[in-house]
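Enquirer: Please read through the structure below; I'll follow up with questions.
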Amino acid sequence: MLIVIDALLAEAEVLKWRARLEDAEWLDGRGTGGTLSAAVKSNLQLPDTSELAINLGNTIVQKLGVHPLFLSAALPEKIYPPKFNCYRNGGAYGTHVDSAIMVMPNKQSLRTDISATLFLSDPDSYDGGELEIETAFGAQAVKLNAGDLVLYPSSSLHRVTPVTRGQRVASFIWIQSMVPDEAERALLFDLDQSIQSLISEKPADDPTLLRLTSVYHNLLRRYAKF
């Protein structure tokens, strides 16, 4: 399930943060990949401990924490502090899969159920740089407007194509969901979106709406794992 969240960051916010990112000190991203992924990785990465990474990361997490579409699709239990990368001068990231378990800065373990990319560069400012995600229906190429975010299963093989002009700056994020099974999560998402559409049409005490809401929460109770 690929979900696009439009304008998680407003245009003015993107411009402010991007100006700061352009002046940031970027490091070789290969030092942060696993053995296999490092061999196909050619990008730059912002140090996790930099003030800029922490401040912008906190802003992103705060935005996600109150976004209805994100909450509905991800059902988040834990969010790894956002990281930031930059691709330029032919930089790319070959086909790889994200590690199943990450250790967060607070030493807690996080199971990567959902991955997210938040685009911070305007798509017409660079060539290449598509996020290609392997799905059951073939590879899906994603290149969004600055401020837009895409969610996709962490189990997916994916890659970033070479950036041949300009630079592509983005944030990447991992989420542990309360519902680890992708199919169960997709079912809950579809049901929740249907309920949300009915809320605008029916009174709060409508029997059909109440039954559907009850079904949703009983399924969530069955599927959720802590």
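Numbers here mean position along the shown chain, with the first residue as 1.
Placement of Cβ uses the backbone N, Cα and C atoms for every residue, glycine included.
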Enquirer: Need one residue: from His158, His217, the one Swiss-Prot lists with His96, Asp98 for Fe cation.
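Expert: Given His96, Asp98 bind Fe cation in Swiss-Prot, the matching entry from His158, His217 is His158.
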Enquirer: Roughly how many angstrom lie between the C-alpha atoms of His158 (Fe cation binding site) and Arg168 (2-oxoglutarate binding site)?
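Expert: Here the two Cα atoms lie 17 Å apart.
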Enquirer: Under 8 Å between C-beta atoms and at least six apart in sequence, can you list the same-chain neighbours of Asp98 (Fe cation binding site), or say none if there are none?
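Expert: Thr112, Ser115, Ser154, Trp174 - these are the non-local Cβ neighbours of Asp98 (Fe cation binding site), listed in sequence order.
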Enquirer: Near Arg168 (2-oxoglutarate binding site), which residues of its chain come within a Cβ-Cβ distance under 8 Å, counting only those 6 or more away in sequence?
Expert: Cys86, Tyr87, Arg88, Phe119, Ser121, Tyr126, Gly128, Gly129, Val160
Enquirer: Within the domain 'Fe2OG dioxygenase' (78-177), count helix residues (DSSP H, G, I), strand residues (E, B) and coil residues, in that order.
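Expert: For that range the per-state counts are 3 helix, 59 strand, 38 coil.
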Enquirer: List nothing but the one residue from His96, His158 whose Cβ has the fewest other Cβ atoms within 10 Å; the candidates are the binding-site residues.
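Expert: Output over binding-site residues His96, His158: least Cβ neighbours within 10 Å is His96.
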